[in-house]
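Swiss-Prot has this to say about the protein:
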REGION    1-141  region 'FMN adenylyltransferase'
REGION    158-282  region 'Riboflavin kinase'
REGION    283-657  region 'tRNA-specific 2-thiouridylase MnmA'
BINDING   A292, L293, S294, G295, G296, V297, D298, S299, M318, G420  ATP binding site
ACT_SITE  C394  active site, nucleophile
DISULFID  C394-C492  disulfide bond
SITE      H421  site 'Interaction with tRNA'
ACT_SITE  C492  active site, cysteine persulfide intermediate
SITE      Q635  site 'Interaction with tRNA'
Amino acid sequence: MLSIINLTSKTIKEVNKGVDLVIGFFDGIHKGHAKLFKQSDRFNLLTFDHIPKKQRLLYPKVDEIEQLSALSGLEQLLVYDLLNNNLSAQEFIDNYIKLIQPKRIIVGSDFKFGSDQVDYSLFAKNGYEVVVVKKDHCSTSEIKKLIINCDLDQANKLLLTPFYLKGTVIKNAQRGRTIGFVTANIILDNQLIELTEGSYVCKVIVDNKTYQGICFIGKPKTFDEKQRQCEAHIFDFDQDIYGKKIKVELYQFIRPTVKFNSINELKEAIENDKKAALSFFHKQEKPKVVVALSGGVDSAVCAYLLQQQGYDVVAAFMQNWDKDLNFELLSDHADDQIQGCDAKQDYEDTQKLCEQLKIKLYHFNFVEQYWNDVFLKVLEDYKKGLTPNPDVLCNQFGKFGWFINALRKQFGDDIKIAFGHYAKLITKDDEVFLVHTKDHNKDQTYFLTMLKKEQLKNIIFPLSELDKPTVREIAKQANLYVANKKDSTGICFIGERNFKQFLSNYLAIKKGPIILIDENKKIGEHDGLYFYTIGQSRRLHVGGTKEKIFVCDKDYNNNTLYVCYESSKDQYLSSVSCELEKFNWLIDTKDQLFNKKLWIRFRHRQKLQECEIVSYHDDKVIVKYTKQIGVTPGQYGVIYDQNLWVVGGGKITKIIK
């Protein structure tokens with residue numbers, strides 16, 4: 001516990017010996033003082049009372065002591081009273097410093113002491129190690145000038161806490177109540193700096209609760225009173241606080257004092273003061289944003305950038321998979337080790353990142369919803385012979401479904417929500433549009449194509465103008481906890497798995513023949529049709545063929561996998577048109593897009609291909625394109641206009657060769 005010692009020849013024996021000693025005049029703790037305190041993690045502090053110079057103070061000595069008492073690392077606070085005891089600098093060293101025996105003496109570069117006002121070099125001449133800290137033009141005298149000249153914004157930037165007045169609320173004539181503006185009045189100490197008389201934007205702290213308000217400082221000329229005081233009108237406040245101590249923080253000067261000719265003039269002026277204060281607070285309030293953190297570097301950089309932009313950032317993490325609850329028995333992590341996306345590790349990384357950035361973290365569990373709305377749909381597509389895309393479903397039903405609904409319920413419908421997707425949103429005529437980003441390799445609009453416009457309301461994509469190398473560099477420069485973490489791969493929210501083992505938990509897997517369609521002969525055995533994708537050429541485990549082979553068809557009725565030679569890909573794998581089912585339009589002018597040159601992508605990172613919409617009916621769209629290899633049913637076709645705004649997308653159901 002901090003001990004406070006009024007330093008005299010008798011009490012000096014109570015001072016701890018051999019610790020650092022910070023010496024200074026601490027009337028209002030500012031950033032220059034903070035530099036002094038950072039020089040040691042264990043120190044005593046020596047300050048002075050009753051400075052001989054006739055100068056007004058920022059705060060009473062009791063407030064100075066209260067502020068200093070909160071310092072980390074401070075062991076003893078020594079107060080030396082200069083009244084009738086102002087020794088020369090050398091006498092002070094001989095009578096006090098030599099008895100204190102400090103390890104080091106820490107002072108500011110402008111420090112002078114003693115009746116002869118000698119600088120800090122005298123300590124060194126007496127054999128003490130002196131640490132001199134430059135305060136960069138941050139001084140109490142400069143802060144006083146700023147406050148007197150009504151530049152409270154700059155003064156508060158230099159102070160560690162906003163400039164304030166304190167006092168006990170007094171009884172008065174209660175004339176404010178008669179005109180609808182109740183005030184809490186405190187008497188101002190005449191020893192403190194004399195503020196410019198007038199109206200100020202303020203905050204009032206009552207019983208450790210903070211309220212917005214306005215205050216008048218001066219001798220109220222309106223009613224011919226002479227006592228200098230602070231009259232604070234607290235917004236939306238009707239408690240009886242007479243006799244209570246309050247703190248009034250000053251933020252902005254509104255207008256000088258004037259004499260009003262009538263009550264109505266006074267009321268109008270106060271109303272205008274209140275409007276000015278409310279406008280000030282509205283501009284000062286940090287907009288709140290929830291960042292969806294995944295444990296990866298992209299979302300971490302989102303949180304960091306939004307903090308740097310002045311947002312009030314909170315974080316949310318959602319768990320969508322539980323290995324035990326979901327009966328995942330057979331699947332080991334890929335390569336027999338945890339890599340990339342692992343729910344437990346990701347949550348731990350997210351917690352450590354939030355501790356580093358000092359932001360609050362909320363945890364949401366959507367294991368049941370993920371199973372029903374995403375995973376069962378994935379299994380259903382596999383059973384139909386399709387190649388599903390879990391990432392599209394994750395965004396459609398998960399991140400921008402149950403997740404944002406839960407966040408809006410928690411924080412309000414207008415809460416801004418940020419994601420680490422490489423995507424861009426443009427608002428035009430109060431409508432939001434999804435747009436391709438500058439990083440063509442990383443762009444993730446493909447995975448967002450099934451989102452409705454209402455799902456994109458108040459969504460922020462902070463990485464929209466950045467590429468991946470830049471994001472990595474930002475993370476490293478900011479020393480973010482996950483800066484060197486690998487990108488996640490594998491199944492959305494499930495992570496790296498031995499895919500064959502994993503899928504075997506939920507689907508009946510049966511081996512069968514691999515038929516080379518060019519020669520109509522069996523060349524091997526597949527491990528189960530679900531494990532293969534149209535156009536796949538790797539991991540077929542078939543050797544001895546004269547050419548590279550590709551998966552070209554899957555016959556679920558006969559459990560047969562068909563492959564073809566590379567030279568016959570055009571015959572078996574090419575297409576010039578396809579049908580997109582449950583097409584989600586993100587641009588309303590679809591009639592104007594009919595038979596117009598557009599762009600399409602059938603898989604993430606694929607180079608954009610020319611196309612045109614040849615017909616649409618209900619939720620089905622037929623699209624024609626330049627010849628493509630490996631367009632796969634179950635995946636999605638995403639269409640862009642000439643400006644790379646997303647027109648919409650749908651699931652590929654039919655291929656037209």
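Backbone N, Cα and C atoms are what each Cβ position is placed from, and that goes for glycine too.
Known features from Swiss-Prot, placed on the structure.
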residue : record                       : Cβ neighbours (10 Å)
A292    : ATP binding site             : 23
S294    : ATP binding site             : 24
G296    : ATP binding site             : 21
D298    : ATP binding site             : 24
M318    : ATP binding site             : 24
C394    : active site, nucleophile     : 24
H421    : site 'Interaction with tRNA' : 25
Q635    : site 'Interaction with tRNA' : 21
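Here the Cα atom of M318 (ATP binding site) is found 25 Å from that of Q635 (site 'Interaction with tRNA').
The shortest Cα-Cα distance between D298 (ATP binding site) and any of the recorded positions C394, H421, Q635 is the one to H421.
The two recorded residues, A292 (ATP binding site) and Q635 (site 'Interaction with tRNA'), have Cα atoms 26 Å apart. Under DSSP, residues within the region 'Riboflavin kinase' (158-282) fall into helix, strand and coil as 28 helix, 48 strand, 49 coil. On the backbone, the CA of Q635 (site 'Interaction with tRNA') and the CA of C394 (active site, nucleophile) stand 14 Å apart.
According to DSSP, the secondary structure content of the region 'FMN adenylyltransferase' (1-141) in residues is 39 helix, 37 strand, 65 coil. The distance from the Cα of S294 (ATP binding site) to the Cα of H421 (site 'Interaction with tRNA') comes to 11 Å.
The maximal spread of the ATP binding site, taken as the longest Cα to Cα distance among A292, L293, S294, G295, G296, V297, D298, S299, M318, G420, is 16 Å.
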